[in-house]
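In what follows, a single structure is set out as structure tokens and then discussed.
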Amino acid sequence: MEEDHSNPSEVSDKTLDSIAQKKHAAMIERLSNLHQSRLQQAISRKSDSNDSPSFESTKSFLDRFSETKKSIEMEIDRCRRVSESESKSSLKSDLDKVSVSISDLERQVAENSYFLPSYEVRSSLKTISDLKETLESVNYELLPKKKFSFKNKTTKKDQSNVVKNETEIRASDSVLVENCSSIKVRDSPGFHNEEGAVLVKHFGGSKEGDFTLSDLNSCEVRLTGSFRALFIHRLWDCRVYVGPVLGSILIEEVEGCLFMLASHQIRIHHAKETDFYLRVRSRPIIEDCNNVRFAPYLLSYEGIEKDLGDCSLDEETGNWANVDDFRWLRAVQSPNWCILPEEECVNAVNISNLKTPGEVS
Amino acid sequence: MGLLSIIRKIKRKEKEMRILMVGLDNSGKTTIVLRINGEDTSVISPTLGFNIKTINYDKYTLNIWDIGGQKTIRSYWRNYFEQTDGLVWVVDSSDVRRLDDCKMELDNLLKEERLSGATLLILANKQDIQGALTPTEIAKVLNLDAMDKTRHWKIVGCSAYTGEGLLEGFDWLVQDIASRIYVLD
């Protein structure tokens with residue numbers, strides 16, 4: 001407006017005017033820019049909220065939630081009523097759609113759970129699980145044949161597969177089990193079902209896997225070299241001398257035996273009247289045992305020092321005496337086990353000198 | 001507005017998950033937890049009771065409950081079921097004889113209503129041992145395909161000894177839980 005109001009007589013006034021003019025224009029521009037950017041922000045916010053509804057207010061969320069819930073329930077009802085006339089295929093796709101909208105609803109709850117009161121979250125989740133249940137039962141009601149055949153088929157197929165697979169896998173291992181005519185389906189490499197025998201095996205490399213001793217009666221077992229894991233199951237009146245085991249040893253149901261074992265972990269279940277000469281890196285445990293006694297490892301054979309070193313078992317940790325009885329969770333000494341008195345310990349056993357298989361005591 | 005939005009942001013960031021590790025004794029649960037956490041695994045005694053480890057994984061905080069698996073203490077497992085987001089079932093793949101036990105205990109666990117919403121990761125451990133069953137074979141023996149359709153589950157072969165497969169398993173577990181509980185981002 002200053003332009004119209006010109007004053008030709010004063011030059012200095014004019015220059016002043018033009019400065020003010022510039023300032024004014026710049027301010028107008030800044031203001032309009034600010035307005036524009038605000039508008040844009042508002043628009044982008046709006047489109048954001050269209051993508052994924054974020055309510056930030058419990059009431060608006062709950063309103064929307066119950067609306068969606070109602071429409072899902074109506075849809076399920078419709079499916080139920082319509083089922084007699086309509087073909088099965090369209091029914092199935094309808095039910096699938098319902099299932100999708102239920103999971104959409106579930107996602108919405110999850111996305112907004114951070115501001116909802118915990119009661120509302122819980123009740124919404126409950127509603128969703130109810131909806132799922134209803135859908136499941138409707139599914140079952142309307143398309144029962146489908147479900148039945150699915151169940152029947154899988155269980156039948158799986159059972160036959162299991163048996164076949166087991167025989168396949170373990171058949172290759174059965175070479176190790178000599179003199180054993182009937183190999184059970186679930187035998188792992190090891191000595192099984194022997195009586196009065198001396199069973200000897202040497203493990204060569206550190207790549208050796210697991211080994212099992214099961215159902216042995218009055219046998220002597222000598223395993224030299226190191227391997228990964230040892231399973232012992234149902235042994236009576238046996239003497240078992242074993243080189244270092246890198247992994248763990250699991251013993252179940254043994255009676256009247258003597259064991260010399262070295263390992264990372266040793267678990268003993270259901271043992272009776274048995275002596276254990278152990279070297280263990282951790283605490284050995286017993287469960288449901290009676291009259292078991294413990295002593296330090298006394299085994300030797302040619303090269304045992306190297307094998308023990310390879311398995312980090314070359315140092316005596318004293319853990320053979322730190323037995324945990326899972327059936328005796330009290331501070332006082334468990335009545336189920338004790339330390340073997342020194343005078344009753346056997347002498348150090350050197351199994352590299354014992355060369356008489358067939359000699360049974 | 002300023003303070004409120006800060007509080008909301010903090011609440012969003014507290015992404016905690018409760019993970020329950022169970023399985024038969026001697027399956028390697030404690031070793032797995034310590035291996036993930038980068039701790040020494042050379043001296044681990046059989047677990048009498050339980051261990052809790054809090055691990056930051058991605059942007060989530062995992063509270064891992066490692067529960068002892070000896071028969072005597074299996075009946076106490078149910079004391080830990082509440083609020084579980086993820087269930088890790090550990091199997092000793094070399095222990096063929098006790099797979100029946102393993103299947104029975106897992107079936108019992110999955111009947112539990114409090115665990116019905118939990119994501120299930122089955123770790124077929126000790127794959128490094130020669131002669132161990134593969135994850136596919138274990139899945140067949142445990143009859144996993146017959147599981148309830150609504151359960152999210154996956155079986156992964158792993159070795160706590162070498163560390164192989166552990167990240168793959170836990171990545172899946174955390175992602176699956178996150179997609180259920182938290183915003184996918």
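Residue positions begin at 1 at the first shown residue.
Every residue gets a Cβ built from N, Cα and C, even glycine.
Bear in mind that TrEMBL entries carry predicted annotations, made automatically and left uncurated.
Look at TrEMBL and you will find B:Gly23, B:Leu24, B:Asp25, B:Asn26, B:Ser27, B:Gly28, B:Lys29, B:Thr30, B:Gly69, B:Asn125, B:Lys126, B:Gln127, B:Asp128 tagged as GTP binding site. Within 10 Å of the Cβ of B:Gly69 (GTP binding site) there are 24 other Cβ atoms, across all protein chains. For the recorded site, B:Gly69 (GTP binding site), the DSSP three-state label reads coil.
In the three-state DSSP scheme, B:Thr47 (Mg(2+) binding site) is classed as coil. Look at TrEMBL and you will find B:Thr30, B:Thr47 tagged as Mg(2+) binding site.
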Where B:Asp128 (GTP binding site) sits in the secondary structure, as DSSP reduces it to three classes: coil
CB contacts for B:Asp25 (GTP binding site) [other CB atoms within 10 A, all chains]: 25
Least Cβ-crowded entry, counting other Cβ within 10 Å, from the binding-site residues listed as B:Ser27, B:Thr30, B:Thr47: B:Thr47
Chain A neighbours, restricted to the binding-site residues B:Gly23, B:Ser27, B:Lys29, B:Thr47, B:Gly69, by C-beta under 8 angstroms: none
Neighbourhood of B:Lys126 (GTP binding site) by C-beta distance under 8 A, where only residues 6 or more apart in the same chain count: B:Gly28, B:Asp92, B:Ser93, B:Ser94, B:Ala132, B:Ser159, B:Ala160, B:Tyr161
B:Thr30 (Mg(2+) binding site) and B:Gly69 (GTP binding site), Cα-Cα, nearest whole angstrom: 10
